[in-house]
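Undergrad: Annotations for this protein, taken from Swiss-Prot, read as follows:
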- 1-27: signal peptide (SIGNAL)
- Cys37-Cys85: disulfide bond (DISULFID)
- 37-85: domain 'BPTI/Kunitz inhibitor' (DOMAIN)
- Leu39: site 'May bind Kv1' (SITE)
- Cys60-Cys81: disulfide bond (DISULFID)
Amino acid sequence: MGTARFLRAVLLLSVLLMVTFPALLSAEHHDGRVDICRLPSDSGDCLRFFEMWYFDGTTCTKFVYGGYGGNDNRFPTEKACVKRCAKA
């Protein structure tokens, strides 16, 4: 019983790492800095309701932020998102 639960946890963690790690790697600059504009949208851990903006790789898109956690691809206005992430 305990072994099956442990193996399920290891499998779940492995899948989570396979999904998350490549996204984080693709967001890195060659010097190791993370390009926040390449991070996926992340609504965070709380259940509050804040309309925010993130860059989806092409345009700035509105999303709901929960108020805590998430990542830095989060802007209070479309203008701030465009200024930081849109390439001329």
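Going from the start of the chain as shown, residues are counted 1 onward.
Glycine too: its Cβ is placed from the backbone N, Cα and C atoms.
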Undergrad: I'd like the Cβ neighbour count for Cys60 (disulfide bond), meaning other Cβ atoms within 10 Å of its Cβ, all protein chains included.
TA: 20
Undergrad: Near Cys85 (disulfide bond), which residues of its own chain have a C-beta under 8 A away, given they sit six or more steps off in sequence?
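TA: The list for Cys85 (disulfide bond) reads Ile36, Cys37, Phe55, Cys60, Asn73, given in order along the sequence.
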Undergrad: Would you pick out, from the recorded positions Cys37, Leu39, Cys81, the residue whose Cβ has the largest number of other Cβ atoms within 10 Å?
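TA: The largest 10 Å Cβ neighbour count belongs to Cys81.
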Undergrad: Run through the domain 'BPTI/Kunitz inhibitor' (37-85) and tell me, per DSSP, how many residues are helix, strand and coil.
TA: 10 helix, 13 strand, 26 coil
Undergrad: Fill in the CA-CA distance, Leu39 (site 'May bind Kv1') to Cys81 (disulfide bond), as an integer in Å.
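TA: Pair distance, Cα basis, whole Å: 13 Å.
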Undergrad: Could you tell me the mean pLDDT over the domain 'BPTI/Kunitz inhibitor' (37-85), as a whole number?
TA: 95
